[in-house]
């Protein structure tokens, strides 16, 4: 049983956490329009000032392995964009398209699979404008494709520890290996992706009629290859909390300091070598994850290998890192740790635990509803930080296998919960903002347009995926 701290400590800790929640959900409230990152830091400072957590404990609560993995993943993603990875994904979407329905299915499948490896937010940043172009060329409505992009990115990202930030937290806290995590959620992800795709086709069958294959404009492909980064990075706000935009900038071409071997090669050969190296090293990184090597140091090593072999000033690449996201996470770690020290989360869980056991259908249903609601009220990463250990402790009383199942269930539900509303995940907001600010074929995806599809999709996809969690 969890014991509550003193009444003043509980009250002050709750106030500090309420500030964090308010700024995470409403980052631009009129009376304090400081944004999510500053709001996270403010909450962390309040926890220390109110003596809810000591300064030493506050620093100790910052999870450096997670921050290191986030940082390295952003660097690797930047090099992959410059290597044309997303250009090829764009070509795959457009190649020999048989019409609007076929294109819809491609968007769902390609986005889901790419998000599992390159994070949901990255895929949404790069693919949104290209999807708008494809729809406009074929005289198809943009809304179904934007919904497909956002929802599939969230569903696909659930499959791996590197798909989204909350999965990173779960993987590190649970010590579940990359292969075990992948195989535990992959069946649910594949079925969920298919169900989501069928729902989109059913809801927009008439609108998706037509749209025969058209040739893909080379300039569009070039824009995708460049990640739309120089313009998009300035036109799209940093969206932190349960994701990041990871805007990229093209590597500077005016740096002439090169190894003599490179100077003997043509520029075309040099670029081909660097692109090939980026792909090979990234595959090696995934293989290292699969064999169980330390995820954080594997990603950092991969990032540094790309920096060294590029043999140019790394500052343009490092500038693409969303440092505000890393600061947001640091403040969030301190805030959640302080709130846990009040004993309030533990007391609430003690009340809910008897009804949320993972060895019964009713218990799993109750637990899933709690996770789904909290993920939309408090955001999914704080929900994972608050509930993870408590859920695992309760599952440990059942069996060791139940502990793994509980972590995987938390990963699945908290991620798919992001599809419930436009505010449910950063990926949704990125798609919305990118589409609204697109220089051509802009589209304003509203809250209500999203929720009409988001609510039934989230409930059904979550439900069909839960029985498949941990079955392999």
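The backbone N, Cα and C atoms fix where each Cβ goes, glycine too.
For the ranges 236-256, 299-319, 320-340, the feature annotated in Swiss-Prot as transmembrane segment maps to 320-340. The range from 272-292, 419-439 that Swiss-Prot describes as transmembrane segment is residues 272-292. With Cβ pairs under 8 Å as the measure, the transmembrane segment (60-80) is packed most heavily against 272-292, out of 181-201, 272-292, 394-414, 450-470. Two recorded stretches are said to be in contact when at least 3 C-beta pairs lie under 8 angstroms, sequence spacing 6 or more; the transmembrane segment (181-201) and the transmembrane segment (450-470) meet this definition.
With a cut-off of 8 Å between Cβ atoms, the residues of this chain six or more beyond the transmembrane segment (450-470) that come close are 147, 150-151, 155, 184-185, 187-189, 191-192, 195-196, 199-200, 203, 364, 368, 372, 401, 404-405, 408-409, 412-413, 416-417, 419-422, 424, 428, 432. Non-local neighbours of the transmembrane segment (272-292) in the same chain are 76, 79-80, 82-85, 117, 161-162, 177-179, 182, 265, 298-299, 302, 305-306, 309-310; each lies 6+ residues outside the stretch with a CB under 8 Å from one of its CB atoms.
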